[in-house]
């Protein structure tokens with residue numbers, strides 16, 4: 001992919017999007033689709049913050065130039081030309097990164113790659129808002145990932161051993177911003193720009209005391225606990241998780257659409273979304289997610305219900 005023209009210095013008003021832009025830089029070669037949408041999110045957010053002062057207008061203009069250049073390079077990519085495909089791509093990527101960090105956390109393997117993965121997943125869930133309102137599950141993932149990133153970083157910084165998995169934590173949110181958090185380069189990748197770090201000012205203010213998330217409840221049932229090849233996350237201690245193919249409802253084999261079933265435009269849109277999710281899952285050779293989403297689409301189209 002051609003090198004993009006550099007951006008001018010980030011105006012102070014745009015501090016809240018600096019980590020999303022860094023994530024975009026890190027993914028320019030690793031996953032250009034992710035990089036594109038990170039910049040699009042930064043552009044949309046920046047326009048809402050300040051589009052009038054000269055330094056902000058200059059910055060946004062250069063960012064727009066980068067977006068146009070990327071869109072031209074990726075013009076034949078369905079994840080750019082079709083929002084449903086783009087949303088599925090970004091959501092799968094973010095959730096798989098979340099699950100990599102969550103698996104490491106539950107196994108008691110605490111390190112900078114894991115902290116960075118938690119926080120980067122939360123940033124990418126921010127980016128999903130370019131497609132519309134987040135699902136309740138994504139909101140919970142984002143909140144949990146940011147809390148975990150801060151909690152584990154604080155423990156390691158203070159020489160303490162974090163408690164693995166979801167535990168009751170009294171989060172005081174007095175963490176000072178540290179540019180070194182998560183700033184570890186990923187072994188299988190070429191040299192990267194400065195890594196994403198978390199900003200404690202963005203942390204939820206509510207207490208997490210008593211939070212108890214049972215194993216697997218942190219992610220949707222159709223989300224595979226695997227790391228996508230494209231994340232670049234590697235670990236000698238991680239072994240591929242065997243895939244479990246979900247049971248197929250025998251009734252679906254003989255189901256014929258009933259004559260009195262009238263599907264709404266929203267039904268067709270949801271069915272199309274399930275099919276796109278299935279296609280995105282197959283890019284990661286994730287049979288389980290593909291099968292489950294195709295079953296959902298088939299049930300919706302033949303019964304009018306999910």
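Just so it is clear, glycine is given a Cβ too, placed from its N, Cα and C backbone atoms.
Feature annotations, reproduced from TrEMBL:
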- 16-158: domain 'Vta1/callose synthase N-terminal' (DOMAIN)
- 175-244: region 'Disordered' (REGION)
- 197-210: compositional bias 'Polar residues' (COMPBIAS)
- 231-244: compositional bias 'Polar residues' (COMPBIAS)
- 265-302: domain 'Vta1 C-terminal' (DOMAIN)
Tally of residues which DSSP labels helix, strand or coil - the domain 'Vta1 C-terminal' (265-302): 35 helix, 0 strand, 3 coil
Residue distribution over DSSP helix, strand and coil in the domain 'Vta1/callose synthase N-terminal' (16-158): 119 helix, 0 strand, 24 coil
The domain 'Vta1/callose synthase N-terminal' (16-158) [mean pLDDT, rounded to integer]: 95
